[in-house]
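Report on the following structure.
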Amino acid sequence: MIKLRKYILPYLLPILLAIAFIFGEAQTELALPDYMGDIVTNGIQAGGFKDSVADVLSPQTYRQVMTYSTKAHQQTIKDSYRYVKAADVSNDLKQTFPKGKNLYVLKKNVDRDKLNTAMLRGMILYYTLTGNKNSDTSKKFLKNISKAIKTAKDKYAKGEKAYQQLAKVAAVAPQAVKMKAQLDQAKKQIDAMETAYQKKDLAYFFKQMSTKQKQKIYDSIDKQMKKMGTSTMNMAGSRAVKLEYKRLGASTSKLQTSYIKTAGLKMLGIALLGSVVTILAGLLASRVGAGVARDLRLALFEKVESFSNTEMDRFSTASLITRSTNDITQIQQVIVLMIRMVAYAPILGIGALLHALDSSPSMTWIIGLVILLIFIILMITMGLAMPKFKIVQKLIDKLNLSMRENLTGMLVIRAFGNEKVSEDRFDESNRNLTKVNLFTNRVMSTLMPVMMFIMNTVALVIVYAGAKQIDLGKLQIGSMMAFVQYAMMIIMAFLMVAMIAIFIPRASISAGRVAEVLETEVEIESPAESKSSEENTGVIFDDVTFTYPGSQEAALEHISFTAPAGKTTAFIGSTGSGKSSLINLIPRFYDVTSGKVTVDGIDVKDYDLQDLRERIGLVPQKGQLLTGTVKSNVLYGAKDDSHLAEALRVSQSEEFVDRLPGKLEAPIAQGGSNVSGGQRQRLAIARALAKDPEILVFDDSFSALDFKTDAKVRLELTKMAAKEMTTVLLVGQRIASIMDADQIIVLDEGKIVGKGKHQDLLKNCQVYREIAYSQLSKEELADA
């Protein structure tokens with residue numbers, strides 16, 4: 001994929017925007033379990049109260065909470081509340097808390113977390129010791145106080161007895177006076193303790209404790225908080241808030257409903273926001289993927305168009321088709337997958353892990369075990385599937401090759417009755433591809449069921465372990481539910497990473513195949529500084545030798561001749577003698593190995609390729625037509641239609657075109673399959689003539705024409721060449737097609753073995769004479 005980065009970089013901005021949206025999507029996903037847990041824990045279990053911070057407090061409760069708090073926390077509480085007299089209480093507060101008169105009201109913009117920390121211990125002590133006097137803790141505390149009062153009374157009785165004995169001896173002695181004062185003070189304290197005991201005013205006794213005793217209680221609460229967790233302790237604090245609200249006349253059921261509705265609407269809003277950013281991220285990712293695929297297809301097409309025959313010989317047509325379709329589609333899919341998941345999976349996985357640790361640290365061992373198990377499964381899956389992906393792409397190439405050969409060679413296959421052989425060949429390619437695809441699909445298809453089994457098993461383990469934590473008061477139901485969802489998110493994140501890890505290597509193979517084409521150096525290119533000529537002097541071969549790339553033997557050796565403008569130069573020879581190889585050197589489909597080819601006095605290597613090929617009208621052996629109309633095919637290389645009528649006339653196409661439905665607008669199927677071979681060749685000739693080129697090259701282009709039409713075309717070409725000073729180079733297999741040429745060059749095994757006119761060659765060239773006598777009788781040749 002790195003090799004194709006220049007095609008991805010232009011889309012950097014939409015990629016970054018997509019990642020930003022994906023980050024938002026992940027954040028919304030991570031927020032939802034917390035809200036769900038909050039609704040269950042605080043909205044349902046705690047009655048709509050989430051912590052120990054109350055919006056209002058009665059003066060009595062405020063004083064008691066201050067009593068139960070440390071000096072540092074007392075200051076925080078004092079700074080967070082303001083005292084409001086009954087006359088100044090707002091109507092909203094009066095309606096919500098009808099029994100409230102003078103109130104302590106929470107100030108705006110208060111750091112709630114800091115205040116909750118300050119109030120938590122005080123509110124828990126208030127609820128435990130004062131608010132819920134029938135609780136086991138209160139009863140235990142009162143029992144201890146009762147024992148303390150009894151002990152104090154016993155001590156007082158002993159002191160009173162001692163004082164009575166002392167008073168009998170010396171009632172006014174200083175020691176007796178002092179003892180009397182101490183006994184009176186002790187009596188007052190005992191009376192006060194008994195009064196507070198009868199009222200169950202535990203706050204009175206808390207005030208009497210020493211700093212050391214109070215700190216011991218605080219430490220006990222802190223230890224319990226660490227043991228049970230923040231969530232459980234906040235719920236305990238929220239009970240005190242709920243009790244206070246009831247005392248002030250508030251409808252706690254309405255407050256609970258309001259809390260759940262508010263939290264639910266927030267959750268719905270986050271879910272809606274998540275949906276929006278998910279759609280936007282998907283849209284941007286899809287646009288980037290489609291854009292990169294479009295650019296790659298265009299670049300690949302343009303690159304292949306610039307290939308010379310040398311490069312085309314390196315890649316089969318079937319392989320190029322696979323690379324421009326299937327391989328680019330693979331790249332497109334992975335780009336979308338990478339944008340959507342490469343950013344999303346780590347954010348989701350890490351975020352879910354942090355949230356899970358926060359919600360229940362005691363069950364993190366389950367997450368660790370799951371991650372290890374998933375990692376092992378992914379390694380096994382990747383090890384089995386990844387080596388097969390490269391094989392798949394090669395097998396697709398073979399399948400496309402087999403399909404293309406069967407379709408293009410259908411007539412030959414039918415003519416020889418080899419449909420069964422072709423079917424077996426295609427079936428073999430198809431079976432091989434199917435076999436590998438089945439293996440990879442089976443491996444991949446097992447991944448999802450295994451993951452689902454792990455997910456369900458993990459959910460059961462969490463519920464089992466969480467139930468024990470809930471029973472011990474260390475975990476809330478909502479927190480456990482959130483933990484289950486976060487565990488599922490972690491598993492899904494790893495599943496996404498697995499998909500990325502599997503598809504990226506497959507796409508990398510496809511990217512490498514596409515890059516191989518794009519990075520192929522084209523051997524035949526326009527020179528940096530090109531030349532051009534306004535003259536029309538024809539074509540000259542100067543001691544040209546040519547060897548095909550990879551071949552050991554030369555296809556052409558020491559070829560030298562001049563094809564003057566306004567004349568026809570014909571080439572003839574046995575099959576494989578080098579006729580087509582020679583013709584291909586003129587438009588630079590191949591470059592000469594040595595020597596040079598000049599057009600209008602300039603080496604073809606010095607021309608700009610566009611300029612050179614605009615001067616040449618080529619009619620190949622196979623008159624390939626393109627999908628369109630007769631007119632679009634004939635004018636394919638022409639600047640305008642000024643030579644259209646003349647091209648049709650010279651090529652003898654007028655007559656049959658006029659008979660076609662639609663005439664010039666008659667449709668032409670792919671490859672010209674809806675016209676005959678002779679018609680196809682005549683239209684190919686017309687296409688070359690419509691360009692009005694300086695040089696006309698016919699590579700055995702009259703083979704499908706009957707003798708009469710062949711003669712007419714050659715006659716018209718001779719007239720046109722003389723009139724327009726057009727250089728005509730004609731490759732032929734039939735003596736009748738070339739015998740009237742101004743110059744005939746005879747090739748044999750890549751060498752010129754004869755050069756001259758027809759009659760001269762009959763006398764002087766053995767190869768030409770053998771070809772001529774094999775086609776025409778002596779009488780026919782004598783009359784020629």
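Here the Cβ of each residue, glycine as well, is placed from N, Cα and C on the backbone.
Please treat TrEMBL annotations as automatic predictions, because they have not gone through curation.
According to TrEMBL, the feature coiled coil maps to residues 176-203, out of the candidate ranges 176-203, 288-315, 316-343.
For the transmembrane segment (447-466), the partner stretch with the most Cβ pairs below 8 Å, chosen from 263-285, 334-357, 363-385, 486-504, is 363-385.
Proximity of the transmembrane segment (486-504) to the transmembrane segment (334-357) is established through 3 or more Cβ-Cβ distances under 8 Å for residue pairs spaced 6 or more apart.
Confidence annotation: the domain 'ABC transporter' (539-774) carries a mean pLDDT of 87 in the model. Residues of the same chain lying 6 or more positions beyond the ends of the transmembrane segment (334-357) and with a Cβ under 8 Å from any Cβ of it are 1, 8, 15, 18-19, 22-23, 25-27, 29-30, 33-34, 281-282, 284-286, 288-289, 292-293, 363-364, 367, 482-483, 486-487, 489-490, 492-494, 496-497, 499-500, 503-504, 506-507.
Non-local neighbours of the transmembrane segment (363-385) in the same chain are 353, 356-357, 440, 443-444, 446-447, 450-451, 454, 458, 461-462, 465-466, 469, 483, 487, 490-491, 494-495, 497-498, 501-502; each lies 6+ residues outside the stretch with a CB under 8 Å from one of its CB atoms.
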